[in-house]
Structures are given as C-alpha cells and as structure tokens.
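K.L.:
Below are the structure tokens for one structure; questions will follow.
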Amino acid sequence: MDSQVLVALALSLVGGFSTSLGALVVVLSEAPNLKMLGLLQGFAAGLMLSISFLDLAHNAINSIGFLKGNLWFFAGVIFFAIIANFIPEPTLAPISDAKSKKKNGDGGGKDTMKKHRRQVLYSGIVTAIGISLHNFPEGMAVFLGSVKGLRVGLNLALAIALHNIPEGVAVALPVYFATQSKWQAFKLATLSGLAEPLGVIIVAYLFPSSLSPEILEGLLGSVGGVMAFLTLHEMLPLAFDYAGPKQAVKAVFLGMAFMSASLYFLEISLPAEMSL
C-alpha cells in the first residue's frame, strides 16, 4: 500500500475513532430518563439538520446551481423514503433484572416501555446510517488534505476528530437507552466512524478519476437529503414526544448552533483552495 495512503488512513482513523470517544461519554454515564433522552435526541437532530442543510445541501447548490442542487437533494429524500419502508423495526430482548421490573411495572407499563425502547433503537440505527454517510466524504477530504501535505492532513484530521465526538454521542445514546447494553452502543458508534477510513480507501483505489465534480457534489447533496429525511422522520418526533415541543425545539437549535460552529472551525482549518 502506498505510504501516502497509509498516512491518510492513519489520520482518518483518528477522526473515525473520535466517535468512540463520544460513545464513551454515553456509556460511562447512567442511562437517561425519557425527558432527558428527548432533549438529547433534539440536540442530535439539530446536529444532523445543520450538516444536511447548512453544509451538504448548501455546498451542492453553490457548486452546481439552485435547480440541480435541489433536484439531487430531493432525490436523496425520495430514495431513502422508499428504502425506509423496507427497513424492519428491530426486536428487543426483554430486560429481566429486578431493577428494570421495578421501573417498568407489569402489563401495560412494560408494553409501553418496550414500545419506547423499540422506537428509540430504530432511531439510533438510522442516525448511525446518517452519520456514516456524512463521515464518508470527510474521509475523502482527509485523503486529499494529506496529499497536499502532512501538516494539512493532520490539522484537518484533528478538526474532524473534535467535530465527530458529538456525533458519537448522537449514535450511542439512543442505542444505550433502548438496549441497556454499553457494548452495543459503543460498537454501533464506532462502526459509524469507520466510514471515514473507508472513504480514504475508496477515493484512493476505487473512485473513478473521470467522475465529474458536478456529479460528486450532486451525490453529496443527495446525502444531505437522506440525512434530512432521517432527522425529520425519526428523530424529531421522538424528541417532541419525550421532551415536549417547546423544549425539543430549543434543543434542536442548540444542536444546530453547536454543529454550525464546529463546521466553521473545520472549514477554517482547510487551505483556501480546498473545501469539504
């Protein structure tokens, strides 16, 4: 393997495994109650919406024009709306320990909690899909940055690593709440981060050099559409149900502000001629 690719892979692993740091924050804490989960789901929805509308869709529209950018964006929305119909809802093993029995009670209480856990787990899975799709082009950016020089690649990898920590929280939190398994939460968040080194490998060996920048920007715009659909279809309804509309909306805007600041610091870490 080319030494340049090895360096880019190592740098992308720094960014990819930072999602594991976010997961560690979750698994080292107690599982949240439903209201706190709703607030954190709202915050995670804000992260996703900021990435979708203010980063991916925005860049696509600026690069290939308003009409084409919107067509690619809504193609992603429609594509995943169709795919979502074929994703089975996960089944959950019952939590049999005495503590959970005392919390959930019998009969209807247990059924209600099981339904909540199933909804939240499904939300965690689709969040992991969305974050993975977002991490993939970040891996491509790390490779292109490392081609320009080690300093550029290192600065970019560190910026992405800081940017990925809250994404790890967004993936691990609903999985931990739903399964009560620290390992499952940590594993899924880590796997979503591994999309970053995968992006390095694909752009280095499999990506066709003849692929036009217009198509690439369009595909990233479609990823923005997929993430917007996942957020509005899965994450926001749960946030509204568990935290209430007013509190959930505040959490959404806090998440958007946090991710916008993160994207800004990521952008200024790049050389002038590069862009995510």
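Residue numbers in this text run from 1 along the chain shown.
Even glycines carry a Cβ here, placed using N, Cα and C.
Automated prediction, rather than curation, is the source of TrEMBL annotations.
According to TrEMBL, the record shows the following:
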type: TRANSMEM; residues: 6-29; note: transmembrane segment
type: TRANSMEM; residues: 36-57; note: transmembrane segment
type: TRANSMEM; residues: 69-87; note: transmembrane segment
type: TRANSMEM; residues: 120-136; note: transmembrane segment
type: TRANSMEM; residues: 156-176; note: transmembrane segment
type: TRANSMEM; residues: 188-207; note: transmembrane segment
type: TRANSMEM; residues: 219-236; note: transmembrane segment
type: TRANSMEM; residues: 248-266; note: transmembrane segment
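For each listed feature, how buried is it and what is near it?
P.N.:
Within its own chain, the transmembrane segment (6-29) is flanked in space by residues 131, 135, 138-139, 142-143, 146-147, 150, 153-154, 156-158, 160-162, 164-173, 176, 182, 185-186, 189-190, 192-197, 199-201, 204, which lie at least six positions past its ends and keep a Cβ under 8 Å from the stretch.
The list of residues near the transmembrane segment (36-57) in space but at least 6 beyond its ends in sequence, with Cβ under 8 angstroms from a Cβ of it, reads 69, 73, 120, 123, 127, 130-131, 134, 166-167, 169-170, 173-174, 177, 220-221, 223-225, 227-228, 230-231, 235-236, 238-244, 247-260, 263, 276.
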K.L.:
Any contact between the transmembrane segment (156-176) and the transmembrane segment (219-236)? By contact I mean 3+ C-beta pairs closer than 8 Å, pairs at least 6 apart along the chain.
P.N.:
no
K.L.:
Per the definition of 3+ C-beta pairs under 8 A with sequence separation of 6 or more, do the transmembrane segment (120-136) and the transmembrane segment (248-266) touch?
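P.N.:
Since fewer than 3 Cβ pairs under 8 Å link them, the transmembrane segment (120-136) and the transmembrane segment (248-266) do not come into contact.
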K.L.:
State the residues, same chain only, that lie 6 or more residues beyond the ends of the transmembrane segment (248-266) and have a CB under 8 A from a CB inside it; answer 'none' if no residue qualifies.
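P.N.:
For the transmembrane segment (248-266), the far contacts come to 38-47, 49-51, 54-55, 156, 159-160, 162-163, 166, 236, 239-240, 242, 276.
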